[in-house]
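Below is one structure, written out as structure tokens; the observations come after it.
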Amino acid sequence: MSMTDLLGAEDIKKAVEAFTAVDSFDYKKFFQMVGLKKKSPDDIKKVFHILDKDKSGFIEEDELGFILKGFYPDARDLSVKETKMLMAAGDKDGDGKIDVDEFFSLVAKS
């Protein structure tokens with residue numbers, strides 16, 4: 001399964017292009033632009049599993065740095081600052097990784 005099976009390819013491209021500048025990433029706007037917030041819990045869970053590259057059941061900080069590439073392969077990596085800000089927003093229990101429930105909360109806040 002790929003991201004374009006769940007979200008519109010054109011929406012993804014526009015969202016990625018909106019955040020090409022370093023330190024411009026805003027997860028709330030990005031999730032809105034790709035239409036993630038409007039998706040069913042099942043589809044949001046599928047997106048989580050696509051982003052969980054090592055299939056550990058968590059999105060760790062190193063995977064988070066590549067989150068845009070999970071949506072669009074030619075996208076840039078997040079900066080260290082952007083990655084840390086996204087982790088701080090998503091990691092509610094402070095274990096240094098985002099589980100599926102924390103990801104749901106992150107999407108719901110967008």
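Even glycines carry a Cβ here, placed using N, Cα and C.
Listed in Swiss-Prot for this protein:
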- D52, D54, S56, F58, E60, E63: Ca(2+) 1 binding site (BINDING)
- D91, D93, D95, K97, E102: Ca(2+) 2 binding site (BINDING)
- 39-74: domain 'EF-hand 1' (DOMAIN)
- 78-110: domain 'EF-hand 2' (DOMAIN)
- S2: phosphoserine (MOD_RES)
- S2: N-acetylserine (MOD_RES)
- S24: phosphoserine (MOD_RES)
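Overlay of Swiss-Prot feature records on the structure.
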residue : record                : Cβ contacts under 8 Å, 6 or more apart
S2      : phosphoserine         : I50
S24     : phosphoserine         : A18
D52     : Ca(2+) 1 binding site : F58, I59, E63
S56     : Ca(2+) 1 binding site : K97
E60     : Ca(2+) 1 binding site : D54, G96, K97
D93     : Ca(2+) 2 binding site : E102
D95     : Ca(2+) 2 binding site : none
Using DSSP, break the domain 'EF-hand 2' (78-110) down into helix, strand and coil residues and give each count. 20 helix, 2 strand, 11 coil
What parts of the chain pack near the domain 'EF-hand 2' (78-110), using Cβ distances under 8 Å and only residues at least 6 beyond its ends? 22-23, 25, 27-32, 36-37, 41, 44-45, 48, 51, 56-61, 64-68
In the three-state scheme derived from DSSP, which category covers E60 (Ca(2+) 1 binding site)? strand
When the pLDDT values for the domain 'EF-hand 2' (78-110) are averaged, what is the result? 97
